[in-house]
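Database features (TrEMBL):
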{"type": "DOMAIN", "residues": "B:140-202", "note": "domain 'CBS'"}
{"type": "DOMAIN", "residues": "B:204-260", "note": "domain 'CBS'"}
{"type": "TRANSMEM", "residues": "B:286-304", "note": "transmembrane segment"}
{"type": "TRANSMEM", "residues": "B:316-339", "note": "transmembrane segment"}
{"type": "TRANSMEM", "residues": "B:359-381", "note": "transmembrane segment"}
{"type": "TRANSMEM", "residues": "B:388-413", "note": "transmembrane segment"}
{"type": "TRANSMEM", "residues": "B:425-448", "note": "transmembrane segment"}
């Protein structure tokens, strides 16, 4: 079960740190999971966190390092020598070690690599560093269990015992030929239930899913999810087995992807967190606000151009925020559903059918809203019937257009290879504000005449 | 590697179906993965899909059933007898079988259960049906590998060979006492590298993470992610081992949770997909639009109450959509970041610090936007300096308030146990429209006097 970090517990830790009480601290944290210690360290100020890091068992610190927020990890790494960092990395698997090295400043990177004790581990880490972090190569670890197709089960089990020492979790046993080319796989279950004399070539499964080193990470995630895989081997351009990706690495990709779409919908253009610096947050947020501001300028000039309505129909101007808000909301709803459908690859059927569906859906919603609007503006707000009718007809037209924009802009962007999630949020609300006001006043002009 | 479903391939399948050409169809689909066949079926009309389902190998159909969209699955199940459905379920693991039975109409449920051939499988499925689908009990499968603490490794391996037959993937071997109470675990790796004579009680790991049957699914997902677990055992109220949850089941929970937050931010209140029915989509979308409409009524009456400004400062009304849009955008940005922070449990530090940070961030953004606004409205729109200044000061005030609402409403909701994601999207944009207009005209009234 889980350990809950209480305010009291943190206070206790802080007190021991202040008292320099190493013995009590170590006793207090002895049975605490490294993920929990990382969370505790994130609550401390950075010098306390550094102090805590130094007095902990070296077994735990490598894992803690991995769990920490990037910002705090950077601070702690700054206080460690290249040799100390190398010692931490020797405890980690190649993919995790490579991720941490990638975060170091250029000059320290080399120093740390020089200090790595295990030569093979070092070679594997350096190898991983050359892959782009958004590809299968950037996700994979070098640790895996593989056997040669020419062995028999006995040799295989013996070799596996040696290889398994380096692997945290055995998922599949991959089968390669003499040139290390991926030929197939053996399931652990098969191995548990097969006699030891059987030759590998007879029992291995020739069909094996794999990805290439340059496959994008979101594609890897999609394939592993679709085919329900817990691990997938990675091959290079020559089909040689170079690494393996496990589902837990992919969970982060899936989560980040879903969160990125959400952030884009909210007008945040980089992967930021609430605890990032003000400058990072501004960089992610300001561009969208500037876009919305310039969109706002357009709506101001549009309204000015319908200036003439002020004389006899000034109430029209009271309804502009309502029309704009409805257009924005409908547009965001439509686009969010389409963006998720595109992300999950679950959109089926023709564009034509989608068009009809979206229009019927919005006409249904729009009619209900229009009735409420007529009733509301007449009885709640005491407007005349003509005005209420004009606003209602405009509302239906505006939200139909808004829903079409919300539906087809993401599809269009996706077709030309741009992330459709960009089309949600500020982009949609701003353009729908503009179209909304234009349509609203145009209809009003025709109906009321000004 | 992955098979790509082309338009041509679908056309070929449709042609064979039309020609009733079973032999060619089977040949065509022989080596296609069930997940791909499910996707192909989703592209077909429902009678073609049913036809295809009937002519396929029974080995594949059970898996296909599982992969299909709920809507299409429902149609296909409707055409199958209770006995046929039971045959499919016999091929599936208990958790998947239980999920499908749960979707059946009440009367068919019982019929199907009666027809299940494997008595133990049937018992396990019935057992799973009684758990709420949003809990650990609803996620878990009954298939697992467990050994008694009183055995030795030899007995253990023998027993495991038998048990492993029923388990698709062996993750951990759980250790129980004579009353089936969870005591610890054995790792497969330890088993591969330990001599067969060792007694279990000597080698098993006494520390084991577990969840209870009634632990909420999002909590299970959080624990498995935090502690990097690929499988977690589930115990009942008496600590007895009743099931196991694997990371691939949890991937769906993580994804759905992230998508749900996104949908709520977009004003969609139920888990719907683009391909759901118009009625389902309306139910998920209309309530938020009605909320926005009533919010709109409030802004109309607010604007009416500032009617007096029309006489000398009608330009103020041209800027209302701009002010409302900026307030909405800032509010959504702030709330999205906080909602994600709450969902990921990654918010640290005091409320007070967060308040200062949010205000500084918005003042920074606001000042830049205000300068752009003064320049833009003067040079682009040709407004007077007094008006530009009024609008700019209002803009800064409005977005500071909007960001505070966006930050603290989700935190407040979370504290009182309501899903903070509800506070993003239409709720925030609507309330910020209203506050925005109120603040804007109040400041204008003071500065310009009307």
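Using N, Cα and C of the backbone, Cβ positions are placed for all residues, glycine too.
TrEMBL entries are annotated by machine, without manual review.
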Integer mean pLDDT for the domain 'CBS' (B:140-202): 82
DSSP helix/strand/coil residue counts for the domain 'CBS' (B:204-260): 24 helix, 16 strand, 17 coil
Distal contacts, the transmembrane segment (B:359-381) - CB-CB under 8 A, six or more residues away: 319, 326, 330, 334, 387-389, 391-393, 395-396, 399-400, 403-404
Residues of the parent chain within Cβ reach of the transmembrane segment (B:316-339), under 8 Å, 6 or more residues beyond its termini: 261, 265, 299, 303, 306, 309-310, 347, 358, 362, 365, 369, 377, 387, 390-391, 394-395, 398-399, 401-407, 409-411, 420-421, 423-425, 428-429, 431-433, 435-437, 440-441, 444, 448
Tally of residues which DSSP labels helix, strand or coil - the domain 'CBS' (B:140-202): 20 helix, 19 strand, 24 coil
